[in-house]
């Protein structure tokens, strides 16, 4: 007597159910398919890849742009007039979009690995489209309002390039499992050849990428120059309100070599320190002089300026997210800071033997000192008692007169120029943004004895790259962080880098070849079956995966077999020997 087994015997496949359910909302087994993905869904898969790639670049940009977050927020303030930390919103949206598309990419690759048809759900299509458009709009906005920041990608690759190369090789090598499976599963020869050529070309390009990586930190250790001096930009603005006596005292305690600030002139001729054109961001002018809060700062007299508080905003806005790390004493002290005059600033620098560099803003037309701003500032500097050799004079106006009156000043320019042009104009130092001087520029300036200071350098990786490039000094908002970098973060000789490059490529090649051989052997027994072939070869032992595929073919392909025949087929699948049909009952 033959035991009849149930027609549908399914194994629990939780992983596959989650893949098809989350990606395409196909939770039921009969909704799955091993058929080829349609061209429409292939297009959406390409859109998903493009969105993921753009978001990866966008996220990398913002991670490296942390060096300039305060500059970004300040530029937003100059446009809107309201201080807002826009980086939090941008980072949150970018991280959410990248996580979402990365998750969909993992699900899509899982479909490909299991041979399942791709069928992205319409909700995900809307989400991917929104992420793509949002990223494109964000990139266009940054290009228009903060275009020079894109240079951070090229500069950061000098620090991360060798390690990103190794990571990219590992990732593409891991994809060999999927590529090999697709090649072994494909029935069209042209598709196999095209896929292999594309993958091989990608690998070859990655293997040769180090030829284009030019990092100043790939050098002989004996060629490393002395550690760049650190100049406190607006003092130590992460530890105290910017441009206040407390901020400069904090910077001096950190052993900085110099102090950098911005100077404007009051209506009664007193030069004082302020970065903005108005007093709204860094003082309580809206409370003390509410009718004048939008006035230019230089239109106030020094008596009114001294009545303003220049520290409460720091506690409230927390521009560098560092207020929580301050002691109670520092918090009380910071909250009671006032605006600082240029004279007090210079006297503090003179006592500490620190160099000073300041940008001088000319008062607007109609100001009593609009024409005499250079002379007024020069008189304050000379009467402060600071040594002339410690002063870096930046204004280009009346530079010849300044050289005659104060020949000991270090004539400094904020405009990029060749060493010959600088020498011709009597300039001995350049003060430039860090993205405006390459390693060849640094070497040329050093050769012609023109010093260089780059601003604003806040992150150790950027400080390390500039150190390896030979930059003599940097201006920083974070001297307390850079002081903890006694040596470049990484330094490799050319031979060491070449060895790591060759080893990485060789290991990748061996791994890829091994994966392709294994996948070919693994997939060699899997073919397309129809019910007749299954019945004829039922006695042949098959793997559980083959049996599952046969069951699906029988149940869902619409085979023209009657239920008894289908049942016999399944009995054949479960038995190592063919099972004879059941004889008819004698009474029939």
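Note: Cβ is positioned from N, Cα and C throughout, glycine not excepted.
All annotation found in TrEMBL is predicted automatically rather than curated by experts.
Note that this is a predicted model, so its numbers are computed, not measured.
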Here TrEMBL annotates transmembrane segment, and of 88-114, 223-249 the range meant is 88-114
Which range is it, out of 459-478, 479-498, 499-518, 519-538, that shows up in TrEMBL as transmembrane segment?
499-518
Any idea which of 20-41, 42-63 is down as transmembrane segment in TrEMBL?
42-63
Matching 152-178, 260-286 to TrEMBL annotations, transmembrane segment lands on 152-178
Tertiary contacts of the transmembrane segment (88-114), as residues 6+ beyond its ends and Cβ separation under 8 Å:
15-16, 19-20, 22-23, 45, 48-49, 51-52, 55-56, 58-59, 62, 120, 124, 127-128, 131, 134-135, 138, 177-178, 181-182
